[in-house]
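What TrEMBL records for 27, 28, 29, 30, 31, 59, 98, 127 is 4-amino-2-methyl-5-(diphosphooxymethyl)pyrimidine binding site. Residues or ranges marked as Mg(2+) binding site by TrEMBL: 60, 79. The domain 'Thiamine phosphate synthase/TenI' feature in TrEMBL is assigned to 11-183.
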């Protein structure tokens, strides 16, 4: 199941705080780290995820995801293609792909992705080599085109999203959102996670 709140972490403490707040989808995103150090961090995050029955997605590293038995992998635009990762990991792993355009989304759909991370919604300092900003209108237009194409793929909005953005974003038809600093930079990450989940619940109830 693709949840409606994805939380990007760099360590087990962040994962623990969010899981206590009800988050059930953790993506471990690390950059420029030796493989063994990456694996050590991944195993510590995985231990948290197992205790809370939470999905663990490894960013950009299908080999590591397969080795430790994570639930899946998320691939950036410059990483291994989704189709190649699907051949490597098989049908049971969750695979997500980063998208910035309608064509990106269709390619991931064709190649067997389970969801796409579409963004950025707005500027975010946590992401290098930022693609063009989409804004609310960008999501509205892309989701409308997907509906016209009768194409169905869970779209996760990402990029500088705050809790105040949730009602308008979910009104576009997105499946969920991915956040990072909005939770871990809060004085109370656990409480902030609960707040995000409550806002998502309210937004999705309003659109039903």
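We count from 1, first residue shown onward.
Even glycines carry a Cβ here, placed using N, Cα and C.
Quantities reported herein were computed from a predicted structural model and do not represent experimental measurements.
The structure, with features from TrEMBL marked on it.
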residue: 27; record: 4-amino-2-methyl-5-(diphosphooxymethyl)pyrimidine binding site; CB count, 10 Å: 25
residue: 28; record: 4-amino-2-methyl-5-(diphosphooxymethyl)pyrimidine binding site; CB count, 10 Å: 28
residue: 29; record: 4-amino-2-methyl-5-(diphosphooxymethyl)pyrimidine binding site; CB count, 10 Å: 19
residue: 30; record: 4-amino-2-methyl-5-(diphosphooxymethyl)pyrimidine binding site; CB count, 10 Å: 18
residue: 31; record: 4-amino-2-methyl-5-(diphosphooxymethyl)pyrimidine binding site; CB count, 10 Å: 9
residue: 59; record: 4-amino-2-methyl-5-(diphosphooxymethyl)pyrimidine binding site; CB count, 10 Å: 22
residue: 60; record: Mg(2+) binding site; CB count, 10 Å: 19
residue: 79; record: Mg(2+) binding site; CB count, 10 Å: 17
residue: 98; record: 4-amino-2-methyl-5-(diphosphooxymethyl)pyrimidine binding site; CB count, 10 Å: 25
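The two recorded residues, residue 60 (Mg(2+) binding site) and residue 29 (4-amino-2-methyl-5-(diphosphooxymethyl)pyrimidine binding site), show a Cα separation of 8 Å.
Annotated pair residue 30 (4-amino-2-methyl-5-(diphosphooxymethyl)pyrimidine binding site) and residue 79 (Mg(2+) binding site), C-alpha to C-alpha distance, rounded: 13 Å. For the recorded site, residue 59 (4-amino-2-methyl-5-(diphosphooxymethyl)pyrimidine binding site), the DSSP three-state label reads strand.
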